[in-house]
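Feature list (source: TrEMBL):
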type	residues	note
DOMAIN	1-442	domain 'Major facilitator superfamily (MFS) profile'
TRANSMEM	64-82	transmembrane segment
TRANSMEM	94-113	transmembrane segment
TRANSMEM	155-176	transmembrane segment
TRANSMEM	188-210	transmembrane segment
TRANSMEM	259-279	transmembrane segment
TRANSMEM	299-316	transmembrane segment
TRANSMEM	323-343	transmembrane segment
TRANSMEM	349-371	transmembrane segment
TRANSMEM	383-403	transmembrane segment
TRANSMEM	415-438	transmembrane segment
Amino acid sequence: MTNEQLQSSTVLPVSDNNDENRELVGLKLKHFQDEPSVNIVNGMSANDTNDDPKDKKLLRKLDLYIIPAMTLLYLLSFLDRIPSNLALKKFRPSRWIPLIMIIWGLATIYIGSVKSYTNLLICRLILGAAESGLFPGINYYLSSWYKRREISWRVSILFGAVSLAGTFGGILAYGINHMHGLLGQEGWRWIFYVEGLVTVIVGAFSYFFISDFPSDRPKFLTENECNRVIFRLRTDAGPGASEHFSWAQVGSAFLDWKLYVWSLCGITITIPFLSLGFFSPTIIANLGFVTYQAQLLTAPPYAFAFITTMITAYFSDKYARRGIFIMFWSIISTIAYIILILVDNFALKYFAIFIAVGGLSPCTAICISFLSCNVSPHIKRATAIAFMLSMCNIGGAIGGQIYRQQDAPRFIMGHSINLVCCILSFITAALLVVYLYLENQRRDRLYGKVANYTLTNPNTGTIDVFGLGSVEDRQRWGYENMSEKKIRDLGDKHVAWRYML
């Protein structure tokens, strides 16, 4: 098929600039010159819109090359502990992620040698600024490779790394602390030296094993596999598939009230989750254990959290549901804090810590996926993820203050604050689920159901992934006077978009 024939078979809806349209599509026509039977609309193949059994093999390949690298990097960021997603988009993951890792690794090393509060504060600000870009960037990066119902499992692997960090972090710190006196340095300084050095080394090497985006044609995929990944993403995203940068998309993220509800949900999950991470050794020590025993006893709850996180992620993706799992685990965590407040028995208190950590960990992962799969287009999603996780950092700051030494041994104030947070996370998740369900029903009732979040032309069998629609469609939707660019910018506001509950 020649370029001329290919272009003649491509439906280009009314547009201010057809050259811009072809540029925004992002798939070069030359990649399809050898496909004589392919009918393409806006860069999409009608033959490739449904799931293919071979996709399981493709997903395993993506998981092999992408997930281990992202998990390792996030694990290191958690052990060390701005929205930078737009910078990641501009400078590419293979450059941006190694850069911020090296910066925070060097800051961590220098913290181990500081002699004054001023130097400590400067290093901590640099470390926080660099680290803050990693997790939002990784979430946005993963959403650029996987379909919406596949993302929860992959994000949860990252939180599985957090649970492993909680399992081994205390043990690792306890072991490194025994280097006290080596080269005349205190043990606590060696913790910063060792973990910072590992981060710098891995960050430098990560440049060589991080791939960029599917449209960059990474070497670990064949040409056909790259095309398949892009097809899968665009048919899944439907009218939210637009990838061009637009300040309108950035503004749309901040004007969407749901972002603030998601952020509140994230904060109310983060406060109890991180406060337990910070203070579980202290809480356990006040149950009657010495420091090193308390450090070791923090490991089993986080091992349990790894199990609950992965099981929840599996069923969340299988049934394409997010909010209901947050609601379920919020109830479990609420029960845990009621036990911690009311009961004095050691075994019951330790059991409550188990189920609190095991319940909060999957909530954290699912909350990120809940937002990610319901916000579109790409720039709006990148902005929303970065904002929500920035707000969750506030939750971390609060969580670090609620367990006070003067409240020992029962820590009623800290447990009570976390109890309220668990109740609020249930309420916010329930509010989102109910609203998204009703909004889907409203759009179905007014505009008709849309199968697989894509629009199909019954006459040609082609797919219109950007939701531009026919002249009749645009009249029915009320978009007849809108430019193509504005329609692309609608994303999840497009009447053909359906939310994932």
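Backbone N, Cα and C define each Cβ position, glycine as well.
Automatic prediction, not curation, is the source of TrEMBL annotations.
Long-range contacts of the transmembrane segment (349-371) within its own chain (CB-CB distance under 8 A, at least 6 residues past either end) are made by residues 139, 151-152, 155-156, 158-159, 162-163, 166, 259, 262, 265-266, 269-270, 272-273, 276, 280, 283-284, 287, 297, 300-302, 304-309, 311-313, 316, 322-323, 325-326, 329-330, 332-333, 335-337, 339-340, 343, 384-385, 388-389, 418, 422, 425, 429, 432, 500. Counting same-chain residues at least six beyond the ends of the transmembrane segment (94-113), those with a Cβ under 8 angstroms from any Cβ of the stretch are 73, 76-77, 80, 84, 87-88, 119-120, 123-124, 126-127, 130-131, 133-134, 137-138, 185, 188-193, 195-204, 206-207, 210-212. Tallying C-beta pairs under 8 angstroms between the transmembrane segment (259-279) and each of 188-210, 323-343, 383-403, 415-438 places 383-403 first.
Among the listed stretches 188-210, 383-403, 415-438, the one sharing the most Cβ pairs under 8 Å with the transmembrane segment (323-343) is 415-438. Listed as Cβ neighbours of the transmembrane segment (415-438) (distance under 8 Å, sequence separation of 6 or more from its ends, same chain) are residues 258, 261-262, 264-265, 267-269, 271-272, 275-276, 323-324, 326-327, 330-331, 333-334, 337-338, 340-341, 356, 360, 363, 367, 370, 374, 402, 499-501.
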